[in-house]
Amino acid sequence: MEDSGKTFESEEEETNYWRDLAMTYKQRAENTQEELREFQEGSREYEAELEAQLQQIETRNRDLLSENNRLRMELESVKEKFEMQHSEGYRQISALEDDLAQTKAIKDQLQKYIRELEQANDDLERAKRATIMSLEDFEQRLNQAIERNAFLESELDEKENLLESVQRLKDEARDLRQELAVQQKQDKPRTPMPGSGQAKRTDMAVQATGSVPSTPVAHRGPSSGLNTPGMFRRGLDSSTSGTPLTPAARISALNIVGDLLRKVGALESKLASCRNFMYDQSPSRTSGPASGRGTKNRDGVDRRPGSTSVGDKGSGKRLEFGKPASEPASPALPSAQGVVKLLL
């Protein structure tokens, strides 16, 4: 449309113009046809490849279906075998339980007969020996309870120290965040902002410092959780007394604070699980053995002078973990103490 209104100075110029234009369109047409041929060839190759892949996938699907059917049959056979073995095992267990009941009955009869014979021969000597053994066992249990209470008191002291360390770390983290914000505001017109990696680390450190749980904390040892905050604070004091810290150094300090707070949180959760375990164990403690021993002592056997002081000492040092103060230690307590030590 635009070429129709164009004027030429001579017919030769017009002829050359239209010839060049025709060559240009011809070249474009040839290029377009070449691209079309290449596209058709590529599409045919791609179609052939897709058909080959489809055949492979169909073959694999058939193989998987056959494998699935085989596995289903094997599962059914295994279920049948398991049911047969289960029924056979149940029958054997029933037979063994009957044998055990008969054996226990015979054992009870024999023990009763033996007790009657021994009671006729040495009743007084046996009573004295049983009383002495019960007193020794009671004193041993009192000593174990006192040791356990002392251990729990030391754990409470360490918990208080860790709470102070956590509060101090929170204050230091808040001060570091405020100083970092002020430093960034001051350095913003002069220096470029830190990269995305440093900003991400800063956000992670701030989130870590703000996500400390509020449950009571536990402590692995006297040197792992108490020395680290003090050393970290001394490092901060020495760094702030000299030249001001760079943003990268402050970010690394925040990362250290976040790691320490996460460790303290893990210790808190462990102590909470230990306390829950102790709460679960406390309702099962009964006063049967101790009351029986007390009856024997009142029936005519003199009590030892040291047993009264040990009992008073144990009742004075007993911690209130959801248990009455007058309840003695039971045989289940040593196992609970072992579980607590294992968790710690």
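Placement of Cβ uses the backbone N, Cα and C atoms for every residue, glycine included.
Between THR191, THR246, Swiss-Prot assigns phosphothreonine to THR246; no such entry appears for the others, which is not proof they lack it. Remark: secondary structure over the region 'Interaction with PAFAH1B1' (88-156) totals 69 helix, 0 strand, 0 coil, with classes taken from DSSP.
Averaged across the region 'Self-association' (1-93), pLDDT in this predicted model comes to 88.
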